[in-house]
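The next block holds one structure in the form of structure tokens; read it before the comments.
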Amino acid sequence: MRDVWSSWSRGIRWDTVAVTASLLYFFLAPGLSAPEVFTNSFYVQLQDGHHGRVTADGIAKRNGFQNLGPVLGSENEFHFVHDGLPHARTKRSIPHTRLLKSDPHIKIAVQQTGFRREKRGYNPLRVENLVDLPPVLEDPSDPYFIHQWYLKNTGQNGGKKKLDLNVEAAWAQGITGKNVTTAIMDDGVDYMHPDLKFNYNAKASYDFSSNDPYPYPRYTDDWFNSHGTRCAGEVSAARDNGICGVGVAYDSKVAGIRMLDQPYMTDLIEANSMGHEPNLIDIYSASWGPTDDGKTVDGPRNATMRAIVKGVNEGRNGLGNIYVWASGDGGEDDDCNCDGYAASMWTVSINSAINDGQNAHYDESCSSTLASTFSNGAKDPNTGVATTDLYGKCTKSHSGTSAAAPEAAGVFALALEANNKLTWRDIQHLTVLTSKRNSLFDAKGRFHWTMNGVGLEFNHLFGFGVLDAGAMVALSKEWKTVPARYHCEGASMSKPRKIPSRGSLILKLETNSCQGTETEVDYLEHVQAVITLNSTRRGDIVMFMTSPMGTRSMVLSRRPNDDDRHDGFVKWPFMTTHTWGENPRGTWTLEIQFNGEKPQTGWIKEWALMLHGTKDPPYVGLPVTDPHSKLAIVKKAHEDRKKA
Amino acid sequence: MELLPLLSLWFCSAWGYAPLHEPGVGGMYNDAAFIQDLMERINRDMEPAEPAYLDFGSKMDHSGLSIVPGRAIKDSEFLDENDYDTLLGPSGHPSIRDQEYLQHSTLYGHKLGAAGAGALNVKGQQVPTEVKSDTVLPAYCDPPNPCPVGYTAEDGCLEMFENTAAYSRAYQGSQDCMCDTEHMFDCHAAQESDDESDMNNLGQSSFLADMQMDGQHKSLVAKKFYNHKAPEQTLSRLNEMARNAAAAAAHDSGIKLEENPYLQGEKLPVAAKKGHHSQN
């Protein structure tokens with residue numbers, strides 16, 4: 001059963017569905033006068049006496065077509081497509097039609113036209129990411145668009161077709177990021193770049209490294225400070241202007257916050273950057289954090305933490321700012337739960353996959369990662385991220401998880417244009433419900449896709465999967481703000497327990513999730529295990545937390561380079577998103593073990609279980625139009641629970 | 001020995017600011033100016049600035065360290081303790097129940113434990129123990145501030161500007177500032193050179209930069225660069241333009257460089273997660 005869900009929830013693309021829908025339309029309402037657009041789909045009826053899928057497959061193949069299957073279950077009517085034809089064109093492809101018609105086994109062949117269709121009542125074919133049949137669009141004409149496989153993966157450079165952010169489906173819905181501002185907190189932005197200058201929001205920008213309003217990057221001989229410019233282009237490089245490529249949200253505004261370019265970082269710079277113009281800036285994108293050396297445990301300091309809290313509570317005129325965070329480049333020897341920025345509930349932590357669906361080799365994973373986007377890492381060096389570069393140039397080799405975070409920021413900008421009332425939590429819920437497993441996988445086979453207690457698939461490396469801009473925009477349009485959020489300290493233990501050198505220490509906490517109190521949490525969002533421990537080697541500790549519904553999160557992985565023996569963890573919040581939507585009531589299990597070369601000893605002194613979520617079921621007001629969507633699955637799980 | 005710096009850290013973090021605490025420096029100085037500055041920025045464009053907001057933070061610190069086991073943290077109870085309503089002013093806040101609390105970060109405890117070790121570790125190296133007596137941390141040169149679309153020189157930006165590496169290099173080259181040894185090929189030359197050798201450096205190092213940045217298009221980019229820059233007249237005109245602009249900017253801003261208030265405070269071990277290409 002679970003497999004069925006997963007195959008449905010992945011890889012449904014509007015173009016495939018649209019073709020099927022337009023075929024249906026052909027039968028139900030022919031003869032509409034609309035501007036003629038011809039698709040690469042053909043309706044084919046076989047000659048009498050010929051029928052069946054196998055026969056049709058053969059006929060399609062010998063004519064250079066692909067048989068997508070029978071039309072409405074018919075034995076002699078089929079849907080053929082020709083890959084050599086553009087998805088949409090204004091002229092009929094007479095040679096192709098003629099070719100089919102001349103086949104002795106074909107009775108009728110009709111090239112399908114595309115229609116614009118208005119939204120209407122119940123339609124069994126409709127999926128979340130098909131609000132209405134989008135007008136057929138042309139690709140952007142920007143010269144680097146063909147290199148932007150993360151926007152449209154046609155299999156270029158050995159990538160996997162359709163493994164991309166599905167942005168064209170969002171653009172086709174008329175959503176391009178208008179009136180949304182994303183701030184790039186980085187080493188500055190070349191706001192004079194011809195591909196960025198008209199999308200630059202000067203009012204929302206600042207240079208904290210030099211303390212002036214103009215975050216133009218500082219020159220160095222190695223052009224080191226090109227990073228912010230590259231990130232900015234991913235979000236909002238202009239479309240169809242003949243320069244470089246195109247941004248995910250190409251009509252959105254981008255602000256520059258120059259804050260990384262001084263010899264040392266200070267709490268003041270961070271705090272002021274993250275609290276800069278919170279009513280002008282909607283989304284903050286960050287590609288920095290504690291050093292990714294696999295042994296640092298650090299997070300936002302006091303002023304910065306307060307700036308973030310203030311941002312989510314009060315920014316965007318009370319809806320809350322969206323903070324997007326790159327999970328880190330520390331590779332498998334680091335864990336981003338040791339990065340207090342990425343692990344925060346108030347940031348959306350984004351990991352990266354490469355163009356064939358593997359995780360990138362530098363990916364730093366953790367249970368707080370919510371979703372993934374794309375970056376470089378394939379063998380072919382041309383598979384980096386194509387975007388704008390310093391001094392008006394373009395690049396094809398932007399890289400790292402830091403290239404992934406701005407893509408997510410761009411997708412969120414699209415969602416905010418689709419519905420400007422979305423709160424910071426709505427964005428996280430939408431991310432959970434519309435991210436796709438697609439064909440993401442762990443090349444080393446360590447982490448598998450697993451279903452949580454309400455049927456949501458997650459992976460330790462990728463969170464809930466790769467962002468799907470089309471689906472997110474469609475769901476944003478009909479989104480109802482989620483119910484009030486409560487914070488409950490579910491349970492805690494503070495009796496020191498020894499962590500054995502061999503085997504595991506298993507701890508259990510029973511919680512009623514503050515039932516009957518004002519802060520009752522019945523539907524989870526984030527869960528934190530706040531832990532104090534020390535050991536003779538911090539990096540050898542591995543911890544798993546299992547929810548009452550059986551979802552196991554690796555809240556801390558082995559960090560072979562972390563040889564700390566003094567500090568340990570002091571009230572450190574290990575966060576997991578894997579239990580999203582679950583019922584927190586029951587027994588939580590924490591499993592702690594050493595995983596290293598030499599025997600070590602340690603003590604856990606405290607484990608507090610912090611539950612964050614809603615008392616009311618979160619998706620009640622949302623219509624379910626596709627029974628196979630993640631929304632439908634979670635909603636049903638919640639309804640079943642209510643009945644029980 | 002170990003207790004004293006820890007105590008001072010604890011105290012200071014309660015005030016939203018932690019001072020330098022390298023060995024041999026320790027001690028504290030007047031934080032009031034920093035705090036004021038910080039709060040002004042944070043409160044800007046929010047509710048009318050409430051000095052009381054500061055107290056909220058300090059109270060949070062204490063409660064953050066004393067989670068009572070097994071107790072549900074009720075929002076109402078919480079509010080009584082912290083008087084958040086009054087902090088927000090009479091206008092109040094529409095949905096108090098949805099507030100996020102600093103407490104949930106619970107990073108304060110960590111700082112007590114690990115800040116000492118962490119803060120010293122910048123890019124895997126020990127920070128020199130010698131610290132300027134000045135409270136402001138060092139800064140690099142200031143980049144030019146060209147006028148964005150819709151801005152004019154009256155807004156304090158540069159109208160005469162060319163968006164090239166050469167321009168920026170010349171602009172920064174005329175400043176008296178700390179050379180970035182990590183990312184400049186030759187700090188000595190940059191400081192000492194006269195106009196002529198400067199021009200040579202300019203061509204050469206920018207060429208190298210192009211090679212480095214855009215591996216797949218070495219020749220192409222290099223050619224473009226030279227086509228664009230070849231006439232020496234253009235180059236010296238550019239240099240002059242950039243230097244004049246830099247001089248004017250320095251004149252306007254006075255001693256701004258030394259006074260960047262954001263460069264005050266503890267050095268944090270934060271690094272950019274720049275991609276592997278740009279790191280190499």
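Every residue, even glycine, has its Cβ placed from backbone N, Cα and C.
Note that TrEMBL annotation is computational and uncurated.
Record features (TrEMBL):
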- A:ASP186: active site, charge relay system (ACT_SITE)
- A:HIS227: active site, charge relay system (ACT_SITE)
- A:SER402: active site, charge relay system (ACT_SITE)
- A:481-617: domain 'P/Homo B' (DOMAIN)
Please give me the CB contact count at 10 A for A:HIS227 (active site, charge relay system), counting all chains in the structure.
31
Hey, how far is A:SER402 (active site, charge relay system) from A:HIS227 (active site, charge relay system), Cα to Cα, in Å?
9
Could you tally the C-beta atoms, other than its own, that fall within 10 angstroms of the C-beta of A:ASP186 (active site, charge relay system)?
31
Report, in whole Å, the straight Cα-to-Cα distance of A:ASP186 (active site, charge relay system) from A:HIS227 (active site, charge relay system).
7
Residue distribution over DSSP helix, strand and coil in the domain 'P/Homo B' (A:481-617):
3 helix, 74 strand, 60 coil
Which whole number is the mean pLDDT over the domain 'P/Homo B' (A:481-617)?
96
